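K.L.:
The repeat 'PPR' annotation in TrEMBL covers A:112-142, A:143-177, A:244-278, A:279-313, A:314-348, A:384-414, A:415-449, A:450-484, A:486-520.
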Amino acid sequence: MENLMITCISKPPVIIPTKHDNLSEFSQPPTKLSFTYTKNTNNPKITDNHVKYLARSGRLAEAVAALDSIALSGSQVRPNTFISLLQACIDFGSLDLGRKLHARIHLVKESDPFVETKLVSMYAKCGSFADARKVFDEMSQKNLYTWSAMIGAYSRLSRWKEVVELFFLMMEDGVLPDEFLFPRILQACANCGDVRTGRLLHSLVIRLGMVCYTRVSNSVLAVYAKCGKLRSARRFFDYMNERDRVTWNSMLLAYCQKSENDEAYKLFNGMWGEGIEPCIVSWNILINSYNQLGRCDVALGLMKEMESSRVSPDVFTWTSMISGLAQNGRRWQALFLFKEMLLAGIKPNGVTITSAVSACASLKVLKLGLEIHSIALRMGITDNVLVGNSLIDMYAKCGELEAARQVFDMIEEKDVYTWNSMIAGYCQAGYCGKAYELFIKMQESDVKPNVITWNTMISGYIQNGDEDRAMDLFQQIEQDGKIRRNTASWNALIAGYVQLGAIDKAFGVFRQMQSCSISPNSVTILSILPGCANLIATKKTLMQSQMRKLGLKPNRGTFLSIILAHSIAKMVDEGKQIFSSISDNYDIIPAIEHYSAMIDLYGRSGRLGEAMEFIEDMPIEPDSSVWTSLLTASRIHKDIALAVLAGERSLDLEPGNIVVNQLMYQIYSLCGKLDDSSKVRKLEKESTLRRSLGHSWIEVRNKKLQEVLQELGT
DNA sequence: GGAACTACGT
């Protein structure tokens, strides 16, 4: 028996990029306004106008000083002056001076609702939301503008539910929205899926005669469109007597939301006839919709078509395409597109970075992940929690828990994703204790665990062999009545037991679940399938009868699981048959995962020759998962393993991929090729240490990128 | 006013 001891490469800890890396290559950050205080002795008579002049010029400190001398001279400061000063604080983003002004406004006996409203805006726009709310709550008299300022602040933070709540409070207060506030509230309804309030607003809009404002009508339409109320949307669309391109775009979205792409496309083509030319947003809605249906090639075609009609793809187009490809298993293509986007001179934003980083996370390519992190920092895309969350996930999935933790600690306003990503990271690495520690901390924080947090902990414990704790948590979920177990909670237990080889227990949970009248979903079936690998007949019955009964359509994941089940059962020929039936019968194009599962299938049965032939015939470029499967299978066949490694493709493919590197290292060590194994080790070290763009993965392939990045960075 | 998005389970 061969000694298959797993040897890990000892590598230096990853140092995550910082904002200050390579800063000298770029232009300096914008200089902060410097406040110089000069006593104005020459002009003892300072007027309100003088204060306003100073405020408009950004000389805020001087303006406040001037204000004080007016007060000292015994004159009244006009409310307008305060308003101008507060506006200046907003324009120059100076919270400090805003606070100083607040203190002075307090001294004035009669409060002025206009000044107080401006104060609310100032705090909200300068980033002190708590103060804004405090001033707002303490105001005795609120007018439409006050409510608008507060609602505006909540919408900027995407706190839609609170916007809706404020709307109801406002109505109680006897204030009605105007044509500017209606769209904001309607937008909030659309974004939190509150159709009920949407309909209420709809009737209010009609009663108040606001339908004549296209802006307002468009927002009503958008509520129906976004919430998937196609019929209501169409009815309202037909009722509107003035339609602009925003109207048409919302209608386009309404169809796309219900996956009625053909209808959407018809509408799109019909726009010209109505004298409306589709704009970039129209294309983006369509492109995104095809991406969400997994028809990325149609989306790519539309993007080409767009370019040939002299409309340049914008950041939305690129982002939609990148995330579409990534979510449909074409992650490398997504990353190449990300590079192309940079080369096209389009600056990514937080959403783009999030999508790209998450593709790196799934591929476990630390090197690229680091690089994109560094690009984001250079471009100043750091304020987005989403970016941070995806980075935590990426570092954790690449096994760099320390780096993940560093990002975690740096995020000031952690949301539920932040906590869940870090907890999942610890769980997946087997550090359930650390995960539990965070789980407790999270309960003490402002962000409370949700059902996903609980599910993560449950699957963490059970996957690491601690059935009892997993069960305890499973029982505890519904204890305080706030969180309900969902199908995934049951799936976590089932998948865990299957992985522990406790098939009976898995089936026990499966049956218990049904007796609690929880319907299994495709993931449930998917999780239980590998457990049935040795009982292929059972598996088939399960798959066919259960899925049909539940009205579930087999998808990519189902087939992946079936192939893997055959692989475990070493049923190569039947697995081959199933693989070729995927595209014939179900209109599903096999993704890279299916190909690597096939390699697994051949590999486990020792049919490595066929595996290699299969790779040769692949219509898509094999990626690290394919090589990993092949290398894993060939560890017991030294000669084949070495042959694979000698092939130029595998070595050069993804220099940053840890899994491939570790396997290479293992194989070389096992074969006694110590020179080669140390070479791999050295490469790995270098790849983690080199993270400046000068040696980057992207850059090596295109020198031009450096220049583009410089332009975008400024 | 209209468009892109991260965490559990494969």
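Cβ coordinates are placed from backbone N, Cα and C, and glycine is handled just like the others.
Nobody curates TrEMBL annotations by hand; they come from automatic prediction.
Have a look at these and tell me how they're positioned relative to everything else.
P.N.:
If one looks beyond the repeat 'PPR' (A:112-142) by at least 6 residues along the same chain, the residues whose Cβ comes under 8 Å of a Cβ in the stretch are 79, 82-83, 86-87, 89-90, 93-95, 98-99, 101-102, 105, 149-150, 152-153, 156-157, 170, 173, 175.
Helix, strand and coil content of the repeat 'PPR' (A:143-177), in residues and according to DSSP, is 26 helix, 0 strand, 9 coil.
Outside the repeat 'PPR' (A:244-278) by six or more residues, the chain places 214, 217-218, 221-222, 224-226, 228-230, 233-234, 237, 285-286, 288-290, 293 with a CB less than 8 A from a CB of the stretch.
If you average pLDDT over the repeat 'PPR' (A:279-313) in this model, you get 93.
Cβ atoms under 8 Å from those of the repeat 'PPR' (A:384-414) belong to residues 13-16, 349-351, 353-354, 357-358, 360-362, 364-366, 369, 373, 376, 421-422, 424-426, 428-429, 431, 445, 447, 658 of the same chain, restricted to positions at least 6 beyond its ends.
Across the repeat 'PPR' (A:415-449), DSSP helix (H, G, I), strand (E, B) and coil residues number 26 helix, 0 strand, 9 coil.
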K.L.:
If we skip the immediate neighbours and take only residues 6+ beyond the ends of the repeat 'PPR' (A:415-449), which ones have a Cβ under 8 Å from one of its Cβ atoms?
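P.N.:
Same-chain contacts beyond the flanks: 385-386, 388-390, 392-393, 395-397, 399, 401, 404-405, 408, 456-457, 459-461, 463-464, 466, 469, 482-483.
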K.L.:
When you scan the chain for residues with a C-beta under 8 Å from the repeat 'PPR' (A:143-177), skipping those not six or more beyond its ends, what do you find?
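P.N.:
Sequence-remote neighbours of the repeat 'PPR' (A:143-177) are 113-114, 116-117, 120-121, 124-125, 129, 132-133, 136, 184-185, 187-189, 191-192, 194, 197, 204, 208.
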K.L.:
What does DSSP give as the helix, strand and coil breakdown of the repeat 'PPR' (A:279-313)?
P.N.:
26 helix, 0 strand, 9 coil
K.L.:
Which numbers of helix, strand and coil residues does DSSP report for the repeat 'PPR' (A:486-520)?
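P.N.:
Counting residues by DSSP class gives 26 helix, 0 strand, 9 coil.
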